[in-house]
């Protein structure tokens, strides 16, 4: 997106060939020739300002529509792109660059046609590296953690091994194994971005800001789910916006989250933002001092580290059977997100994924389940005992409102009662009669609410759920293994009678 904007608004200088009088003068949309680095730095500044304004306007709620199946399918499809981009380094061949729809297909076509020129030294190093890193993570790290809480730095060991091997055998010149070769040294001088043509960049800055933010949040939600923490959508807008504004004083271009680098950091055991400080200082040390020592490093070794880090993303395919059992819509969202990303490009795939998720939301709300068999209360309640709270969620439970549901239920569970009650302890009854539909995230939310209530000593019961919803919950092994059948009642009155009867006994 940045490249397309630059070619349109800041084209390269036209070099006359032959008689200069026959060459038309170049047309510059910005009024004059603009250096590409000056252009991208100004665009980065405007992208950061747009993201900060989005944070002020609280537009982070838009990431609510990045459902777990969408993020999972999208990141799996993006992993295919990252994996494919590393294969030329693994096989030691040169391949042309492709962009746009069908780029993956064209890249594999070129890869097959170039198999006759494979560099077997690079391929051998790559096979050894992938086995070393994968088997090390699978078998060596668990044993090492029993002795020391810090896992062995397998990637660093492999990099040092590669540098030594390259220097001893002179892999670059003798075996034509591509190496890092040259690392630019020196720190760039900061300068104020050119503000004169910012208004002309606004139409490009807004979509770039949104897409960069979506990349950040999709990766953030992926790791948040895996490591059990929460993300603040507005805070992420401020963070990425501030980073863009500050970095625009150097020759940079707008960025979002890097799937490959994020996966490598997560695989290496990074748990906090402190790793960013460490990696940045290390990078600064490299470009200032240590660059020559890493220049002999074979590129295939870096490719191995990236490929092994993608394993967890490819394993997300195992979610498909569960998605199919719980929700055909979620199953379809995952497939559309993955396949559209694979067969187009990452940006187009993200747009198609969001549109498909919103479309399925319309479908879910437009045709709710209708039943003529409505259960009636055989024992109407006269009053609600002290210590019992009845809450009602007035709608289907799906990815678009699951955050609100968890927040409200968390508030109810966290309340403290100071009065003496007829029922021992606190009890919450969820009236599930309006919940006509649950998706994968809805099932997980009901399970998490039950687990949270157990931790705080609060009883919770689910009452009046439609049969279609109960069928989905019963068919999910993850849910039924944690939430017992005794948690469900056909009506609120039956639940209250059961509570009073238990207390009297």
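Cβ coordinates come from backbone N, Cα and C, glycine included.
Mean predicted confidence for the domain 'STAS' (378-499): the pLDDT average there is 84. Feature annotation from TrEMBL assigns domain 'STAS' to 378-499.
Counting same-chain residues at least six beyond the ends of the transmembrane segment (37-57), those with a Cβ under 8 angstroms from any Cβ of the stretch are 2, 5-6, 9-10, 193-195, 197-198, 201-202, 204-206, 208-210, 212-213, 234-235, 237-238, 240-254. Feature annotation from TrEMBL assigns transmembrane segment to 37-57 (among others).
Under the heading transmembrane segment, TrEMBL lists 111-133 (among others). Proximity of distant same-chain residues to the transmembrane segment (111-133), defined by a Cβ-Cβ separation under 8 Å and at least 6 residues beyond the stretch ends, is recorded for 87-95, 154-155, 158, 162, 165, 171, 175-178, 298, 300-301, 303-305, 307-308.
Taken from TrEMBL, the feature transmembrane segment covers 154-177 (among others).
TrEMBL lists 197-216 (among others) with the feature transmembrane segment. Residues 1-2, 5, 9, 29-31, 34, 42-43, 45-51, 54, 63, 66, 236-237, 240-241, 244, 254-257, 347, 350, 354 of the same chain sit 6 or more residues outside the transmembrane segment (197-216) yet have a Cβ under 8 Å from a Cβ within it.
Annotated transmembrane segment per TrEMBL: 237-257 (among others), in sequence order.
Beyond the transmembrane segment (277-310), the same-chain residues lying 6 or more positions past its ends with a Cβ under 8 Å from any Cβ of the stretch are 79, 82-83, 86-87, 89-90, 92, 122-123, 125-126, 129-130, 133-134, 137, 155, 158-159, 162-163, 165-167, 171-172, 177-187, 260, 263-267. Sequence annotations record features per position, and here TrEMBL assigns transmembrane segment to 277-310 (among others).
Nonlocal intrachain contacts for the transmembrane segment (331-363), taken as residues 6+ away from its ends with a CB within less than 8 angstroms of a stretch CB, comprise 1, 65-67, 69-74, 76-78, 80-81, 99-105, 211, 214-215, 218, 319-320, 323-324, 398-400. Annotation source TrEMBL lists transmembrane segment at 331-363 (among others).
Sorting the domain 'STAS' (378-499) by DSSP state (H, G, I as helix; E, B as strand; all else coil) yields 53 helix, 19 strand, 50 coil.
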